[in-house]
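**Q** When I checked Swiss-Prot for this same protein, it listed these features:
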| type | residues | note |
| --- | --- | --- |
| BINDING | 121-128, 185-189, 239-242 | GTP binding site |
| DOMAIN | 59-239 | domain 'tr-type G' |
| TRANSIT | 1-39 | transit peptide |
Amino acid sequence: MRGCLQSVKWLTSALRPSQSLASSTRYPRRLLSTSAPRNAQVRKPASEVEQRIAAIPIERFRNFCIVAHVDHGKSTLSDRLLELTGTIEAGANKQVLDKLDVERERGITVKAQTCSMLYNHQGEDYLLHLVDTPGHVDFRAEVSRSYASCGGALLLVDASQGIQAQTVANFYLAFAEGLKLVPVINKVDLPSADPQRALDQMKNTFELDPESAVLVSAKTGLNVSQLLPTVIEQIPAPVGDRTKPLRMLLVDSWYSTYKGVILLVRLFDGEIRAGDQVVSFATGLKYTVGEVGIMYPGRTAQSVLRAGQVGYIYFNPAMKRSQEAKVGDTYTKVGSERLVQPLPGFEEPKAMVFVAAYPVDASDFPHLEDSINQLILNDRSVTLQKESSEALGAGFRLGFLGTLHCSVFEDRLRQEHGASIIITPPTVPFKVIWKDGKEEIITNPALFPEEDTLRAKVTELQEPFVLATLTFPEEYLGRVIELCESNRGEQKSLEFFTSTQVILKYELPLAQLVDDFFGKLKGSTKGYASLDYEESGWRRSNISKLQLLVNKVPVDAVSRVVHSSQVQRLGRLWVSKFKEHVDRQMFEVVIQAAAGRNVVARESIKPFRKDVLQKLHAADVTRRKKLLEKQKEGRKKLKAVGNVVIEHKAFQAFLAK
């Protein structure tokens, strides 16, 4: 028996080397047969890109953006440039840099998006960094941040429409930042195109040399190949020194479920790699870099980012709190804090339009809060404050740069986060000047002083005005002036910058501008007008708080500060619309709109009525009157003590657009 056991042990020990040898030879072979090709597919392009980038000095970097009026072809031109450089396949996608669903649905750019490109010019590789910027005035903050990453810009003008209001605004914004501007005339293939008129407008309005302009069709690709050599020759390379301590600007950020907060950064000096320890100047918090890379066009990991580049980083452990990522913040390596001067950052945009947002189901409040915080991480121009309503429960007071900004944010909440929300109509801030000299900005109508307080303690009420620039064909001049005058506007200037195009400037109350002014303007000009505006200070105004009362009890979710000229119209609209959504009660329901102590409109909902005369003889008049009086008295008592039951869906329907 013992001999058998020894034989087994000997055989086992004898077999082990061969087994381990066989397994060691077979196992790597199995690894190579499965994972190596997959790694080759993923890593080979990245390594080729990285090798090419490593060989390019900063003198052959070019950072540029495309700026234009909305719908002049920025995103389509971006697609053609990405195809030309081989970053994407030709015809593989449309509007690659319009990544949000709402951008594709509306056909506008909302978020400034970035992409790095490699381009060989005269035998030398160049690293080009492209930023596709929004055109609408509501997203001006996105445009301003984009300029911090760029040394120049392609100023794009539609050959059929010419210079528009936001072309002018974006030009002066880029000019103020010191960007080198390259004029580009787009859509020259259209039958209605007039490139010479657009060139003349650029020369007369911006003093840009027509000889330096490039005439293209982004849709067909005509002359697009001439753009990149022009960018290389005319736009300067970024300035930076990779041997200096790291100095890195946070340009944008977004949230990933697995990576935490991802930062889009522009390196002014130094280098950054995975594993580096960095510190924020704004918060003092320290982080370990988990990965660095470029957008090509999606996230493409790199071993290093150098001075002059724009790329992304995320940390390990991840940055989980969105409040830590402050756009405009400067980062450097731990230990270099005293050697680095922080960058100036960005001017904080001021919210101009405010709404209240409530979840349809009160139990969804935590989900709504989390969704809003994630969106604000990607859009820092939104302001946020918690508030509550007796009618609608817990919610938020949100501030935006304009009504389109608000509408897009609402769409993103619904599409990207599945939020079911109730949004109140947009309002603007108002200024209260108290008799003791203090000034207060009111953004929530519920906090507006009551009538007695206004008389006793307030010196003056003011509302914000804007300077609106409107461009449109000359034939609609009369209609546009009439529209502006009916909205309490004051004309400032009128000029013809071509024989048929007009630039009209009006000072308008911001409250009128957010009340679908742009929609009315489009209607008056058959869609040919464009609008841009900027702040124009505060003015004294005759304003009051309009409230909705149900049986003399104010409904806190429905109140608004309006000019005296709007009180009657809005009051009548409110009571008639609210009446449609309130169910009948056992007693009469009175719906009123009141400005201060003055009731400006009223509607009544008749109660359910029981036929108390059903069993009476037709000739019994005395008994008939007695029963009707008794029913009437009973209703009065019920009305005095009863509460009106208003369903949550009634508010939802009333506040719906």
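Just so you know, glycine gets a Cβ as well, placed from its N, Cα and C.
What you are looking at is a predicted structure, and each value in this text was computed from that prediction instead of being measured.
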**Q** Per DSSP, Asp189 (GTP binding site) is which: helix, strand or coil?
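**A** Going by the DSSP assignment, Asp189 (GTP binding site) belongs to neither helix nor strand, so it counts as coil.
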**Q** Near Leu127 (GTP binding site), which residues of its chain come within a Cβ-Cβ distance under 8 Å, counting only those 6 or more away in sequence?
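**A** Non-local contacts for Leu127 (GTP binding site): Ile53, Ile56, Arg60, Phe61, Arg62, Ser116, Met117, Leu118, Gln309.
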**Q** Limited to the domain 'tr-type G' (59-239), I'd like the whole-number average of pLDDT.
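**A** In the predicted model, the domain 'tr-type G' (59-239) has a mean pLDDT of 84.
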**Q** Tell me the Cβ contacts of His121 (GTP binding site) under 8 Å, same chain only and six or more apart in sequence, or just say none.
**A** Leu228, Pro229, Ile232
**Q** Using all protein chains in view, find how many other C-beta atoms are within 10 Å of the C-beta of Asp189 (GTP binding site).
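**A** By my count, 14.
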**Q** Excluding near sequence neighbours, so keeping only residues 6 or more apart in the same chain, what lies with its CB under 8 A of Asp241 (GTP binding site)?
**A** Asp269, Gly270, Ala307
